[in-house]
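Per Swiss-Prot, ATP binding site is recorded for G246, P247, P248, G249, T250, G251, K252, T253, and the stated evidence type is sequence analysis. The compositional bias 'Basic and acidic residues' annotation in Swiss-Prot covers 86-96. Summarising the annotation, Swiss-Prot assigns region 'Disordered' to 84-145.
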Amino acid sequence: MSLLMISENVKLAREYALLGNYDSAMVYYQGVLDQMNKYLYSVKDTFLQQKWQQVWQEINMECKHVKDIMSTLEGFKLDSSPVKTTQHEFPSHDGEVWSLPVPVERRPSPGPRKRQSVQCNDNKSHNNRFSAAAKGPNLPSARNANNVKMKPVRAREKKDALIKNKSSADVSETEVKRFDGSGYDKDLIEALERDIISQNPNIRWDDIADLEEAKKLLKEAVVLPMWMPEFFKGIRRPWKGVLMVGPPGTGKTLLAKAVATECKTTFFNISSSTLTSKYRGESEKLVRLLFEMARFYAPTTIFIDEIDSICSRRGTSEEHEASRRVKAELLVQMDGVGGASENEDPSKMVMVLAATNFPWDIDEALRRRLEKRIYIPLPSAKGREELLRINLKELELADDVNIECIAENMDGYSGADITNVCRDASLMAMRRRIEGLTPEEIRNLSRDDMHMPTTMEDFEMALKKVSKSVSASDIEKYEKWIFEFG
């Protein structure tokens, strides 16, 4: 889409509005708003996208001003209806003045009636009574003439009303659509709408070290179907469910945040507390309502963190009846007769993105519906080095800091463990500086005194204090499960 075309349409809309041709101006304004909406989907830079959204708001405000002017003009047309007069309009009776003779019922010729009207206009005060008497028998024909004149006015009013309704419908299409939750409790809808991430989490793919396979799969499942909808059809339809499996602190939630930032889809962040209610039957309603809202706001990604807490194995002795009903409704909505069908339009897809640290506790039916299962392992040597550079990019490092050596000493550390090491090392210099000082002296320290470079010794001390959180036996369990079910 050409930016020149958008600029020309804005120029034409404003020119028509200045010339008073508001109908044509509204048509161009609506076209510009639709073009800008389509262009926003192709803008990847967040800063540019915010700028375009501001421009869209300004154009939309101009469109509303034109619409208000049209409404005001419409009100003037409705108020200008002719005042009905009575057939015989006689002056009030005066006892000293003879009353006027009754007018003769005859059709006057056009000439004298014209002269009489001219005379009435010139001598209003003198001939007021005579003009009223003379006009009396001609009122029916005058009323017919008014009716003839009103016909095109009413037709024009109907046409303007149709144009106004059409323009208001076009404006409503450009506004943010709202879910119609008739049949559901308003509180349930508001609870789920709070879980829609409308603000930008500001996590990019580049902010996540390593995990190239997981990034590639998520792009294939969410981004590519929106770019190539004609390709992802039939057997090549997008994945409806993706399960991320791995030890704690390996970046599963960060990947979900990157999906919310990069993929430009509606993103529901769901936890077990969202789908839990103390009232009988409301948890199942929440699950059903969640998927109905997801289909309404499609394309949608539903992220369920720690899904094992919601959908653990059925049939165990610890399972409650309410929990079983919630699981059944979730399974039906994901892939049942009335659930998520194979939509022909991949741009209207609903994908479930789940994460868990205990994949062996997940129900077998849910495991089947989460079609793609990917393993998020501990970072490799290259990944650890990249993660160190990401965490330390805002710190001032001493010349003796060797990031490659630090990465080698962190074998077996998860991404969260590496972040904790970097945080602890960055505080070492501050701890040395304030050691032995009173609170008053600490408050009087300058900013330059606090910002001292982090040394290699600080990292060595941090490595001694922060241990790895994942054992070798846990890694074996994850690898065994992904080998069997991945």
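Keep in mind that glycine also has a Cβ here, set from the backbone N, Cα and C atoms.
Neighbour counts of Cβ atoms within 10 Å were compared across the binding-site residues T250, T253; the minimum falls on T253.
Around the Cβ of G251 (ATP binding site), 25 further Cβ atoms fall within 10 Å across all displayed protein chains. Within 8 A of the CB centroid of the ATP site residues G246, P247, P248, G249, T250, G251, K252, T253, the other residues of that chain are A355, N357, I376, S414, G415, A416. For P247 (ATP binding site), the count of additional Cβ atoms within 10 Å of its Cβ stands at 22 [all protein chains shown]. Using a 10 Å radius centred on the Cβ of P248 (ATP binding site) and all shown protein chains, the other Cβ atoms total 13. Less than 8 angstroms from the CB of G246 (ATP binding site) sit K252, N357, Y375, I376, P377, Y478, each of them six or more residues away in the same chain.
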